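Annotation source Swiss-Prot lists S-cyanocysteine at CYS336, citing experimental evidence. The S-carbamoylcysteine annotation in Swiss-Prot covers CYS336.
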Amino acid sequence: MNNIQLAHGSGGQAMQQLINSLFMEAFANPWLAEQEDQARLDLAQLVAEGDRLAFSTDSYVIDPLFFPGGNIGKLAICGTANDVAVSGAIPRYLSCGFILEEGLPMETLKAVVTSMAETARAAGIAIVTGDTKVVQRGAVDKLFINTAGMGAIPANIHWGAQTLTAGDVLLVSGTLGDHGATILNLREQLGLDGELVSDCAVLTPLIQTLRDIPGVKALRDATRGGVNAVVHEFAAACGCGIELSEAALPVKPAVRGVCELLGLDALNFANEGKLVIAVERNAAEQVLAALHSHPLGKDAALIGEVVERKGVRLAGLYGVKRTLDLPHAEPLPRIC
């Protein structure tokens with residue numbers, strides 16, 4: 001069959017053929033090969049790596065499915081892996097659920113699944129259990145994916161936004177808004193093809209460079225809502241305020257151009273391969289050096305600080321501070 005049919009989700013022969021010829025082959029690993037209703041994971045590896053489990057789930061509905069730098073499949077691995085990794089854990093296992101629209105081209109599904117398998121394998125992640133549903137035309141837009149992931153948090157790592165205090169500083173691991181601007185360019189046909197590429201990446205290797213540095217306090221990956229959403233979460237968790245410097249924000253010229261053209265702010269744009277990191281001030285130089293030593297952190301910068309006065313503010317290019325509010329809604333729906 002060249003297209004997904006309702007029969008592919010019925011539990012019958014068509015579904016078994018899809019599972020065996022596509023998912024089992026692409027995601028092949030010992031846990032999946034058991035074909036039980038659940039993945040049976042040996043605790044020994046997890047216990048050896050930490051004393052707590054980090055467990056996260058996310059759903060992916062991005063439109064379009066394919067974009068410069070990635071696709072919904074790569075995103076479904078990177079996004080959930082990063083949500084686990086910012087705890088200090090190394091993501092090891094993922095589940096995967098597909099909701100497919102009747103009529104979806106089989107080649108589209110194969111391309112997405114192949115990308116998922118390649119991304120997971122490169123990151124040392126096993127997709128150990130999954131599910132597939134097919135719904136009638138129009139009940140879903142082409143293809144939605146849910147993934148859940150887990151890893152073990154080392155006993156000596158206790159990162160968390162509630163530990164922030166006045167005097168701490170904030171770093172970002174690279175340029176802001178690459179993913180959001182890339183998707184916006186595609187949707188609005190702004191003609192910047194070639195200049196904009198999503199930053200979609202698994203950040204575990206970058207985060208590992210920070211695990212042994214004293215003074216690292218909290219990490220978040222700045223996805224929906226961008227850096228602005230993360231700093232508001234940090235401020236709410238610690239009960240302090242946060243002040244950012246506009247002049248310090250690393251933004252690529254093409255992304256800045258999109259923002260100026262449409263009256264948007266890169267601080268609110270989604271990223272899929274960037275960290276916001278809170279550290280003690282005296283650790284900032286060492287953390288920046290570690291980030292700069294890795295390709296995923298080469299554009300890292302110190303962008304702000306935690307202050308006693310509550311609220312989130314942005315110091316403009318001429319030093320004037322203004323309150324930085326969260327938008328009422330995501331400026332770019334279905335961004336991930």
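Easy rule for this one: first residue shown is 1, then count along the chain.
Glycine is no exception: its Cβ is also placed from the backbone N, Cα and C atoms.
Because the structure is a prediction, the values reported are computed rather than measured.
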| task | Sort the residue listed as 'S-cyanocysteine' into helix, strand or coil using the DSSP assignment. | result | coil
| request: Just jot down the residues in the same chain as the residue listed as 'S-cyanocysteine', at least 6 apart in sequence, with C-beta under 8 A of its C-beta; none if empty. | output: ASP58, TYR60, VAL61, ILE62, LEU75, GLY79, HIS179, THR223, ARG224, ALA270, GLU272
